[in-house]
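Before any comments, here is the structure.
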Amino acid sequence: YPSPAVALSDMETPPPASPPKQFFKVIFHSTLEAKKLRMPDKFTREFGGELSDIACVNVPDGRAWEMRLTKARNNIWFDGGWQEFVEHYSIRYRHLLVFRYEGSSTFRVRIFDMTACEIEYPSFDVGNENQMEDDDSFEGIVSVTPYPNESSREIQADPCFISEESRNQ
């Protein structure tokens, strides 16, 4: 059998490395005290110029969180809305968040607790987002659907709508 000899000139050159579109952050006490989360330097260098002042952060439970981005000295933080996000998902010390950038200042996030397992996201009724806020006497057990599939009701939510006008403010 002839051996397949390949000349270097016949080999395809690998595509240039694409910028990182995902990053993770481990939550430390200082992050919780600061009430904001700084994006990694490498991510900021690659994508910071295209990020607006408002980001949309989509969570597996179907919620889309609008967060203000604060930019200073080549750093970018999730800031306004971050603390409410942390409280809603009970994010604590040593939790791990994995962000995937989808362009247009939109991110997807997955949240892992200190056991390295993804959290059980609170259920979210898209049609009545403020149902618990309107009823001070709410008690009960919350059912969760961490991985919706064909056999369960898909949770749908409108992604953050951020007009060009609000992006440029």
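Positions of Cβ are set from backbone N, Cα and C atoms, glycine also.
Quick caveat, the model's predicted, so the values are computed rather than measured.
Sequence annotations record features per position, and here TrEMBL assigns domain 'TF-B3' to 22-115.
Here TrEMBL flags 149-169 as region 'Disordered'.
Across the range of the domain 'TF-B3' (22-115), the DSSP-based residue counts are 23 helix, 40 strand, 31 coil.
In the predicted model, the domain 'TF-B3' (22-115) has a mean pLDDT of 96.
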